[in-house]
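Step one of this worksheet: look at the structure below.
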Amino acid sequence: MGVGRGVLQPVLAGVVTAVVGFASTFAVVLAGLRAVGADSGQAASGLLAVCVAAGATAIVLGLRHRIPISIAWSTPGAALLVATGAVDGGFAAAVGAFLVTGALIVAAGLFPALGRAIAAIPRPIAAAMLAGVLLDLCIAPVRALVDVPLLAAPIVLVWLVLNRFARAWAVPAALATAAAVIVLDSPGALRGAAAAPEVVLTAPVFTWQALVSLAVPLFLVTMASQNVPGMAVLQGYGYTPPLRGILLGTGAATAVAAPFGSHAVNLAAITAALAAGPDAHPDPRRRWIASVTAGTGMITLGLGASAATAFVLSSPPLLIEAVAGLALLGALGAAVTSAMAEAEGREAAVVTFVVTASGVALLGVGAAFWGLLAGGLMLLLRPRSGTSPPPPRTSPERPPTESDPTPAAPSAVPS
């Protein structure tokens, strides 16, 4: 009986981790893939591929290291795709950028200096770039309330109520409400609900525009906003995560899944606490079962990618963006707070945020890259005070990217 309860608790925690992680942000992934040129089949294949890549990596790492290493797709990376839009070469060029992103993550695992360089990016600049990427999606609920008020109002209302009384389920409940609203408004929305999993192979094309606009920012966002805080979550719960193995595993999974449309997989940040915290199991040595279960659940949920894609495509695009925006509000708030926390770098952070949020493309390169560059230049050129500059930051703290509320996390991790 005791053994059964000892297994059941982490299994249930893993199921919750998978369901909350998938339901709260899969719309962001689909919106991102569509924004960079994927058709419905390619978007469905991409969602399936990223679920399988994340789930399989979580299972392998959990079984090998007996640590609750939760793996997820890059939610801020998907938001970056929305902000960047189509690149020269179409979706094939985006796939090439996804593959290069995976190679860069592998390189960060092979060459520790590269990983340290990413961690050394000033916190205000990294957070401001993330905030600029997220802003447009987070404005979508407001636009939806104006453009399609009868459809958007019930979704926002449910989110508000659940956000007050059951925060962990606010976004999934909003998504369920959106599903009900769409079905009532468009009875044909369920037409593709029984579709079998769809796998579409896209040959990668490599263009300099896609590499600079997508691959480099996607790598930076994934490392700074997912892998670094994900490590902090595990360390905060007393684990010593194998960073090299995690980067090699997630980077390889990203590269292998890229031709099928997957953009990036990485350490989970906030939802990692669902599997790594005491609610998963009182004994830290048993919590790895939760992350392995979450990986299995993610693969299972990925099998419904075609149905989810058909459903999303049958709805007004602004409505799905509104749900995605609600899911990312917490991440936006944390990013803005982190960007403005240090007075010394505040002006540079504002410049980074404004340039990134502008969405402008210069020389075919997206705004996220220029925002990072502009903020970095501002930081370098700022007037120097008479006092010595503060020592380099050594804390791995970064703003979280997943908006799912969690049990109390260590103080080193923003909530």
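Including glycine, each Cβ sits where the backbone N, Cα and C put it.
Sequence annotations record features per position, and here TrEMBL assigns transmembrane segment to 12-37, 43-63, 70-87, 93-114, 126-146, 166-184, 205-225, 288-312, 318-336, 348-381. According to TrEMBL, the region 'Disordered' annotation covers 383-415.
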Counting only CB pairs under 8 A, let me know which of 43-63, 70-87, 205-225, 288-312, 318-336 has the most with the transmembrane segment (12-37).
288-312
Same-chain residue ranges lying at least 6 outside the transmembrane segment (70-87) that approach it to Cβ under 8 Å:
17, 21, 25, 28-29, 31-33, 35-37, 50-51, 54-55, 57-58, 61, 93-94, 97, 130, 132-134, 136-137, 207, 209-210, 213-214, 217-218, 221-222, 225-226, 230, 250, 253, 262-269, 271-272, 274-276, 291, 294-295, 298, 321, 324, 327-328, 331, 356, 359, 364, 366-368, 401-402
Given a Cβ distance threshold of under 8 angstroms, which distant residues of the chain, six or more beyond its ends, lie next to the transmembrane segment (288-312)?
7, 10-11, 13-15, 17-19, 21-22, 26-27, 30, 40, 43-45, 47-52, 54-59, 61-63, 65-72, 179, 182, 189-198, 274-276, 280-281, 320
Long-range neighbours of the transmembrane segment (43-63), counting only residues six or more past its ends (CB under 8 A):
22, 26, 29-30, 33-34, 69-73, 195, 197-200, 245-246, 249-250, 253-254, 256-257, 260-265, 288-289, 291-292, 294-299, 301-303, 305-306, 308-310, 313
When you look at the transmembrane segment (93-114) alongside the transmembrane segment (166-184), do they share 3+ Cβ pairs under 8 Å, ignoring any pair fewer than 6 residues apart in sequence?
no
Looking only at the recorded stretches 93-114, 126-146, 318-336, 348-381, which one has the largest tally of CB-CB distances under 8 Å to the transmembrane segment (205-225)?
93-114
Contacting positions for the transmembrane segment (348-381) when only residues 6+ beyond its ends and CB under 8 Å are counted:
80, 83-85, 87-88, 122, 124-125, 127-129, 131-133, 135-136, 209, 212-214, 216-217, 220-221, 336, 339-340
State the residues, same chain only, that lie 6 or more residues beyond the ends of the transmembrane segment (126-146) and have a CB under 8 A from a CB inside it; answer 'none' if no residue qualifies.
28, 31, 76, 79-80, 82-83, 152-153, 155-156, 217, 220-221, 224-225, 318-319, 321-322, 324-326, 328-329, 331-332, 334-336, 338-339, 348-350, 352-359, 367-368, 371-372, 375, 398-399, 401
